[in-house]
Structures are given as C-alpha cells and as structure tokens.
C-alpha cells in the first residue's frame, strides 16, 4: 500500500508541471497576437498620416513664402546680414537748455529745532480733525489766504473753545499777566526787599556760602535760558522782516521760472510732434520715392538676375584683362630666359665644385663641405623649372577672340530687357505712392494741431499753478499791513527790555561771585552789596515788564497758531486736513484750461493738492493731466495717418502687370555665351601659374654659399692645395655674380606676374571659378532668374509692396509710441513745478509763519523764566546783604556756642587759608610791615616777663571800661573800633596774677582782607 502511494505522488507532480507549461505557452501566444494587432494598427495609422501629410507638404513646397532656397524672409542678401528690409527712422533726441533762477540762501538752520518744536506742538499736541472755526482764516479771490474778521476784532472765544489745551495755556498766561503786577506792588509796599533775616552771620557763615553757591548756580542756569530765549527772539524777528521784504523778489523769480518751465515743455512737445515727425516724414517720403528702385533691386537679388550684371562686368573687363595677359606673356618669356641662364650657371658651379673636391682637395674638410652645403641639389628647385607654366599665348588669343566678337553686348541686352521690368514697377507704384505722400502731409497737419493743443493745455495748467503760486505769496499780506510798522518797534522794545534784565542779572551774579563780603564798614564797589542792589533792580524791572512781555508773546502765539493752520498745516496733511479740503475745493484750475473738443463732458476739477501730489511723485505734466481727464497723450494711438491702414493690407496689389513674357537671354545669346565659355580662355585661372611662380630658385642662399666657398678657400694651405684654393675662390665669385645678375630680376618678374594674374582673376572670374565655369554659372543663373520673374515675379513685387505699406504703418506707430513714451517719462517733470510752487509756499510758511512761531517761543520762554528768577534773585539778594563783623563778643553781648570764653575764631570757616596775611592787599601789607618795624611785634615770652607787663607795654595807659584795671574788661570787645591793619594784642585779665610760665594766648579774631566767596 505504501509503495502505491509513493508511485502516485510523482505522477501527480509531473501532471501539474505539464499543465503549467501549457498555460505559459497559451499566455505567450495571446501576447504575440496582441503585439501583432498593435503593430498592424500602428502601420494603418502611419499610412493614414502619410496620406494626410503629403498634400500639406505639397502646399508647403508651393508656398511663396520661401522665395529663395537657403534664405529667409524675402530672400534678399541684406536680410541675411541682419539688416531690416526697410531701415527704421533715426530720431534726434531733445536736449533741454533750461536754466532756472537761483534761489536765495535758505534761512539759518540753527532755528530749525525751534520750528520743529512748534510743528510738533501744532501737529501732535494741538492737532484736531476739524478745521479752525470760521472767521479766523478767510479765502480771498478763491486763492489767497488772509486773516479773518474775528482776528481784527480780537474775538478768540471760538478758537479757544475749539482748542481746550490752548484755552488752558492762555488762561495761565492771562492769570500771570494780571497777578504779577499785584505781587510787585505787595513786594514793594511791604518792603519785602528789605526784610532779609540777618541771623548770626558768624555762626551760619558756612551754610550761607553753600546757599550762595546753590542759588548762584540756579541763577546761572536761568540766565543761560534767558540768553537762549533772547537769541531766538532776535533771530526770528530778523527772519520775519526778511520774509516780508522778499515777497516781490520771490514773485519775480517764480514768474521767470514758470516761463522757463513752460518754454521747455513747449519746446519738447514741438520737438516731438513737429521736428521728429518731419524726420519721419522725410525718411518715409525718401523710401516711397525710391520704392520702385528698392523693389527692383530686391527682385534682382532674390531672382539672382544680378548674374547679368556680373556677366556684363566679366565681359566688359575683357579688354583690360587682355592687356594684362599680354604683359604676363612677355614676362613669361623673360622668366624662361633668365631662369634658364641661372639654371645653367648653378649647374656649372656644381660641376666645378664636385671636380675640385674629387681631384684637387681630398681632405675631410672638403668632403664635409660638399655634403653640408647641399650643392648637389642646387639646380633642382621647382622655381627654376618652367615647363609646367600654361601657354599664355592661347589665353591671349582667346581673349582677343572674345573682345572681337563683342560678347559683352549680350548681358547688356539682357539688362535692358530687365530694366523694362523696373519701368513697369515704377509705373505701377506711381499710382500707389502719391496717396501715401498726401497722407503723410495730412498727418503733419494733424500732429501740428495736437502739438498746439497740448501746448495750450499745458500753458493753461502752468499758468493757473503759477497764478495760485503768486497769489499764495500774497497770503497774510494783511499781517504786514496791519502790524508791520508797529510790530517791529514793539518787538525791538521787548527784546531790549529782556536784554536789559539779562545784563543786570549777569552783572549782579558776577559781583556776588567775585565781590567782597559785606562788612558794614564802608563796602567797596562791585562787592556783594553791589550785587544785591543789582538783583533788587532786576527784580523791580522784571515786575515792571513781565506783563508787557508776556502779553506780546501771547499775541504772537495766537497769531502764529492761526497763520500756521492756514499756510503750513494744509501742506503738512493734505489728505486729512479739513481746512485744506475746504480751501482746495475753491482752487480749481479747469477754468483756465482751453475747452476740450474730444470730451464735451464736464471733467473733474484739477485740485492744487493733486498737482502737489504729482510733483511729490515726480510725475510728468502729462501723467497729471491724464489722471484728471484733462488730456490723455495715449489718445494719439487713435490717429490714423495712412488711409490704406483702414483696409486689409493683404488685399492691396501694388503691381498688376504680366511678366510671363519677360526674356532675359534668347536662345542665340545662350549659344554664343556657350561658345565664349568653350574658347581657348576656357581653362584660364591664376592657379595654373602659381606652382611655378615662386622665388626660392635655389635650396640655399647663393650669397651665403659664396661666403662658405670663400671660407673654404681661405682654410686650405698653400701651396699644397693651391689649385683647390683658387678653384673654390673662383666659384665663390661666380656664385655671387649669378645671384646679383639673375635672382633680383627673376624675383621681380614673378611678383609682377602674380599681381597681373590676380588682377585678371578679379576682372574675368566669378566666385574664383575658371572662365568656362564662370560663364556657365552666370548663364544658368540668368536662365533661372528669367523663369523666376516669369512665374513668381508678380507675386514677389506685390509682397514687397505690401511689406512697404506695413513698414510705413509700423514707422508711424513707432513714432506715436515714441511720443507717448517720451511724454510720459521725459516731458515736463513736475520737479521744477514743485520747486516753483514750494518756493512760493516757502515764503509764507518757512519764511513768515515759522519765524512768527519762533518769536513767541523765545519771548514766552524769557517771560516764564522771569518767574523762577524772581525767587532765586530775592534769595540771593538776602544772602549778599548779610553783614559779617570783624569780632563777635562773648559774654553779655552774647556767648558763643558751647559757652566758651574764647572769642569767635574767624578761621573756622576758612579751611583753605591758614595765614591771615595771605589775602591782605599789597598796600595794607606794606603799611603793616612798616608799623611792625616800629613796634615790638615779637614780645619776650620768657617766664621772667609777666603777661601784665607785656600787655601793659603794648597797650599803654587807658581809662574807662577799657582800662586794664576795669572789672568788666573781660567782657568788653577787645578789638579796636577801627582796625589799624595790625594783629590784635592779647592781655591778661586784671585779676590774674603774673605768671612766670609761658601760656598759650587764646584764639584771636583777625579779619584780614575781605573774603571773596
């Protein structure tokens, strides 16, 4: 059972393998069948495609667009060189010669930060979207700004209500203007200027010095602020005067520059629309006038009928070539004669040298010379063998036969027949060209009208802008008329008052800093007492002028704010400023412009703001006018100069003659040309002569060979080789003689023959062919040209005529495009216009309004600085008025701090001075030294001398309270009532017993020279 199962399993495996192989074969058959079907489908598709392509190919072959094999376009030679078929117009470029007037130097730039501050104040702090209330700025004659009636009436209620921050500021100033005079009255009536607490000057000396220093620094800072304010006031006041004075000059410059700008625009437009059109017209008229010649030449070039002209050139040059060939024949004979003589001569030299080497000189030197000199091949040069030269006589006979037969008349007759085709072309074009010329003349009139219209429009726009500029320079003239005369006087008074206060304060500060302290004993000039007096004077003067100065500053502040909102703010914020929108609405330029015939509708008004914006963008005047529908230069593209451009140019036929009967060469003429090509001249070409026409007649230079022979002769010994020596010497002479007599002649003959042959080739050859091929090629080309003219000449001429009309239309379109491009990019840039306009605006805003605002900044700055100056000056005045006595007693009059019995030491606050006499003036120091010599200044300090004796000796006698024996002597002021410039003496108390020991004296008070704090 197991064996049967083992046998069944292999059989099943074999059966499964056979089934798989059968399936693979079936799959392969299906793939082959599928590929066969696909291949058959591709073959059928290819056959069908071939049948479709064949007619298309035939049509392409018949397409007249390929006029000449291997050439593109119309088959002309100049087109293959990259040159246009009809050359374009070369326009001259406009060169401006404008010179604008020079603007005056700008105002000082040192005030720019002040002006920028006022701009920031008005633009950022006080900025409002709503315009200023009515009645403060009015528009006169729709173009000039002036102050309104509310300014004349000093009615500022609406303005202050509109700007609440301005209201607060004005209220503060008004309160100060009113209150300060009352404070001044109280200050003077209650004697505040004299109520300065003295205190204890010796006790508070150090603190007083510190207070003086701090107050002095504060006053110095305030004085610097005053200086800054007065400088601003003076400079801006001068700028206001200059701004009002430059009005007429600025108007004159603006008029001149506007005229210059207008002339430049007009000249540029005239150059584009008149001068450049005339250039284009002249160019097109020239092409139309010579169009028949151009078309005929292109027809000759494409049909290759120029071969007749080449044939005529070849045959007409035959007599000249004949003369040259006869010269070549004569030179050939001379060449053969002289060449044979030279050849025979060098052969004799070779024979004699070989004989001498073989028989007369068997030395190694002679054998070596024979080998190295190459003399064995001296006569083997091809240039000496003229057997290969052609027979020139046959060429001469062939030329004579051609000249005698007058073959040159054949191409001349063909050219005369071809000229009839040119006459037909000229006749046909005479019906087409005159209308084109009339259209060009009419186009010149059209562009002249457009140039005049454009000039009028531009002149109207510029005139209006210039008028607005001139009127804008008159803005706020009423400011000068109303305040101009008194304003300058008032401003000058204010500046002088501030300057007076400034000088007094500076002088007071200098006296207080460098003057002596007040002592109460006859103070000198320029001391601190003088400084206190000057400060008091400054305080009183400030009280007197503060209200006046602040009132003037307030007036300028209000005036500057109103004028700024009318002149500068509109230019600052043209989009958002409502006042400018209100003013801009009344400035319309359209009523100055000429009426537009092409646009009968009411165009949108051109605003000054739009003009300014265009100038900012550096646009041209044509861009600005196009954007506002005044004039669009792009409308020139609608102009149709040529009337035929309205039609289909493909249907235009400029030539309608039958050229099928044109014959260039008859059958007889062709036979004659064939006979001429097969004459004796048939094989002529200069290349037949060139292999034999060379100048290397010998392998070596004969002169060099003669020198070698001389050298060899000199090297041989005599008399052993005497005959060889003589032989070599003679051969050297012969070699030199042959070179001198034959080589130059032969060389000259060869060069002349080459030149003649080259000239003959140029005369009777075509494209470097020999004569027979030249005649054959030119004849065949003429025959093909004849067939081209007969079959395709008419279509070719019409194609060139259509190309001419298209080229003229393209030239006119290019001209119009050039005008539009130049007008939009180069004509009338707004930069000069902006320059002209902003010079007028500069007169108002930057030269009048800004200085007004700068003036109130300087004035109010000084006025506000007066307030802290009052306080600081009063404090400093009290410090300067303190009296510092020489001695301060201790006891009944007042005990010093700590209850010390010693007197007050004046040097406690003088750390920097240890020697009292250091600061004593020179006069007093000398007087003191003289008195010291007279008195015993250095007393005996020994114990034997009692203090009482010493003091008694110094003091002398005396009575009263000051006597030495007085009981109250200790509490009396020991200093003299009048200081005599001597150090004070110190005494023992009356009750003190005499002491034999040395005792240190108590501190003493010695004022010395007055300190300068």
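In case you wondered, yes, glycine gets a Cβ from its N, Cα and C as well.
Annotation comment: Swiss-Prot describes 950-963 as compositional bias 'Gly residues'.
All protein chains included, residue 99 (N-linked glycosylation site) registers 9 other Cβ atoms within 10 Å of its own Cβ. Classification of residue 99 (N-linked glycosylation site) by DSSP places it in coil, neither helical nor stranded. Per Swiss-Prot, the feature N-linked glycosylation site maps to 99 (among others).
In this chain, none of the residues that are 6 or more apart from residue 116 (N-linked glycosylation site) has a CB less than 8 Å from its CB. A helical conformation is recorded for residue 116 (N-linked glycosylation site) in the three-state DSSP classification. Annotation source Swiss-Prot lists N-linked glycosylation site at 116 (among others).
Feature annotation from Swiss-Prot assigns N-linked glycosylation site to 576 (among others); the stated evidence is experimental evidence.
Under the heading N-linked glycosylation site, Swiss-Prot lists 618 (among others).
According to Swiss-Prot, the feature N-linked glycosylation site maps to 803 (among others), an assignment based on sequence analysis. Around residue 803 (N-linked glycosylation site), the same-chain residues six or more apart in sequence whose CB sits under 8 Å from its CB are 74, 85, 86, listed in sequence order.
Annotation source Swiss-Prot lists N-linked glycosylation site at 824 (among others), citing sequence analysis. Of all the Cβ atoms in the protein chains shown, 15 others lie within 10 Å of the Cβ of residue 824 (N-linked glycosylation site).
Residues or ranges marked as N-linked glycosylation site by Swiss-Prot on the basis of sequence analysis: 949 (among others).
Annotated region 'Disordered' per Swiss-Prot: 918-1013, in sequence order.
Annotation comment: Swiss-Prot describes 32-52 (among others) as transmembrane segment.
Residues of the same chain lying 6 or more positions beyond the ends of the transmembrane segment (215-235) and with a Cβ under 8 Å from any Cβ of it are 108, 110-111, 114, 491, 494-495, 498-499, 501-502, 505-506, 509, 512-513, 854-855, 857-859, 861-862, 865, 868-869, 872-873, 875-876, 879. Among the features that Swiss-Prot reports, transmembrane segment is placed at 215-235 (among others), with the record citing sequence analysis.
Positions annotated as transmembrane segment by Swiss-Prot: 489-509 (among others). Counting residues 6+ beyond its ends, the transmembrane segment (489-509) has Cβ neighbours under 8 Å at 216, 219-220, 223, 226-227, 229-230, 233-234, 237, 240, 530-535, 537-538, 541-542, 545, 548-549, 552, 855, 859, 862, 866, 869, 873, 876 in the same chain.
Here Swiss-Prot flags 535-555 (among others) as transmembrane segment.
Beyond the transmembrane segment (852-872), the same-chain residues lying 6 or more positions past its ends with a Cβ under 8 Å from any Cβ of the stretch are 111, 114-115, 117-118, 173, 176, 215, 218-219, 222, 225-226, 228-237, 239-240, 491, 494, 498, 501, 505, 538-539, 542-543, 546, 549-550, 552-554, 556-557, 559-561, 563-564. Look at Swiss-Prot and you will find 852-872 (among others) tagged as transmembrane segment, backed by sequence analysis.
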Rounded distance in angstrom between the Cα atoms of residue 99 (N-linked glycosylation site) and residue 824 (N-linked glycosylation site): 22
